[in-house]
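Swiss-Prot annotations:
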ACT_SITE  Lys260  active site, N6-AMP-lysine intermediate
BINDING   Asp258, Arg265, Arg280, Glu310, Phe350, Arg427, Lys433  ATP binding site
Amino acid sequence: MEFKVIAEYFDKLEKISSRLQLTALLADLLSKSDKAIIDKVVYIIQGKLWPDFLGYPELGIGEKFLIKAISIATNTDENSVENLYKSTGDLGEVARRLKSKQQSTGILGFLGTSSKESLTVDEVYSTLSKVALTTGEGSRDLKIRLLAGLLKKADPLEAKFLVRFVEGRLRVGIGDATVLDAMAIAFGGGQSASEIVERAYNLRADLGNIAKIIVEKGIEALKTLKPEVGIPIRPMLAERLSNPEEILKKVGGSALVDYKYDGERAQIHKKSDKIFIFSRRLENITSQYPDVVEYISKYVEGKEFIIEGEIVAVDPESGEMRAFQELMHRKRKSDIYEAIKEYPVNVFLFDLMYYEDVDYTTKPLEVRRKLLESIVKPNDYVKIAHHIQVNNVEDLKSFFYRAISEGGEGVMVKAIGKDAIYQAGARGWLWIKLKRDYQSEMADTVDLVVVGGFYGKGKRGGKISSLLMAAYNPKTDTFESVCKVASGFSDEQLDELQKKLMEIKRDIKHPRVNSKMEPDIWIEPVYVAEIIGAEITISPLHTCCQDVVEKDAGLSIRFPRFIRWRDDKSPEDATTTDEILEMYNKQPKKKIESPLVDESV
């Protein structure tokens, strides 16, 4: 399969803003792709060489390296490449222009012929894999040579998207949800197969793997798919409510209640003597927690399992729980074994999804928890999450306050009974979180995605000082603007922010972003931040839940303030528009005269 086919589709996709059109065009590309390498095609569409959970290196090519490779491939001096980059802001476009110029001025271009061999997807994939995996002395020069070699063989359009792929900025506006729908259309007979494909992806979060199974065995093979150790399951997510009475009513009057820990959610896999740890974002974080690997190996019985819990920093002296920030300090230390001594952790397990070749995601919570409790040996490091069973509001409140006093964030209220299955990848009422932040006027903090930036004034003149934030709408696979946040940042954070955002700025709005407000710069929807505010208000300036509460208006956060970055969350893990609406409906309402100026921006 020629790489040119993918490049041509990327060129079309880049110019489309309609999700329906994106999905249809992507389905067309998938249906025309070589079935033998369909997994590689899917990974390339995702902008990666392999799933994040494998823990393999990323391409790791900086701007200077790319400029050097483009210079070599197009026989252009580096200064000229840099100047063109300054004027376009897009190295992919630079490569396209220089390759076009090279073709038109060459003798073969003059004659209107070409002897160039076609660049294949296999060649691109294998060469870029070498680039990513090459390490050691001389690796820098080898990476540049390999990349320059690809660019030499590429035509202008191929060069454009090769460079963008290496940069990690394809800019074609495709999320995983769109790929899933396209796969259902291309291989499953239509949109009706989306649920089957999505269920499979929820159990095995590897789109390339799912695509390969479909083309080799058919859509029916996905219906009986089980979790596989080593491939993470998409985590089950909780709804949120602030009223204990309503929570108990939602779960049927009786529930299992766990502490909600202020740590890092972890999915732990074991197969024989190998143990893998995956983050909430399904990234392989095994190397960050060699102590947890040792604890699981020693204290959890079984040859093959997938379990879930929270890794929590604890005081080495008292054993009391520390805040989430302590884990972040640990991650920043270069010597992991020194970090283990300074920031020890405990693991609090709360679920089991797979055990000795049996899929437990379809079994009730009580069955899963009973088995989990039976396989954990008594020890000081790996424990079952603190929990009780409640059937009245008083016990729920009492346990909630206890969790807070012991350093937790609140509690997780979980439905029990035969229907209380593990809903992989879904947010539903089987789990409901009650956090201490609910005591404020705005019921909870929210996790929002950065989609734009605004320049400041005075000492922040010419630098980013506030951000346009958006919530995720899973129904449309888009990000809808919620607020403009300018407070809560330190000067150091703002300086760091400037650097981070300049690397992913865009000339035009991302096709997955829905915003009336025009920031000074548009940003790729990559970073997630935790935000708190005074209340959620109706706003004509924002698109979150547009026309749902009031015609021609959306919902916004009044007086928003930055709390922290949520590096453990992907953009699709951000607070959803439905959750924002739910929070708005639950908060106390005050009748205010219609203001001429909206304060929520």
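Using the three backbone atoms N, Cα and C, a Cβ is placed for every residue, glycine included.
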If you count CB neighbours within 10 Å, which one among the binding-site residues Asp258, Glu310 has the smallest count?
Glu310
Residue among recorded positions Lys260, Arg265 with least C-beta crowding, 10 angstrom cut-off:
Arg265
Three-class DSSP secondary structure - Lys433 (ATP binding site):
strand
Please give me the CB contact count at 10 A for Lys433 (ATP binding site), counting all chains in the structure.
21
Residues Asp258, Arg265, Arg280, Glu310, Phe350, Arg427, Lys433 binding ATP per the record - widest CA separation, whole Å:
18
To see if you understand the setup: which same-chain residues, six or more apart in sequence, place their Cβ under 8 Å from that of Arg427 (ATP binding site)?
Leu237, Ala238, Glu239, Thr576
Between Lys433 (ATP binding site) and the residue listed as 'active site, N6-AMP-lysine intermediate', how far is it from one CA atom to the other, in Å?
8
Using DSSP reduced to three states, classify Arg265 (ATP binding site) as helix, strand or coil.
strand
Test of understanding: give the count of other CB atoms lying within 10 angstroms of the CB of Arg280 (ATP binding site).
19
Cα separation, Glu310 (ATP binding site) to the residue listed as 'active site, N6-AMP-lysine intermediate' (Å, whole number):
9
C-beta crowding around Phe350 (ATP binding site), within 10 angstroms:
24
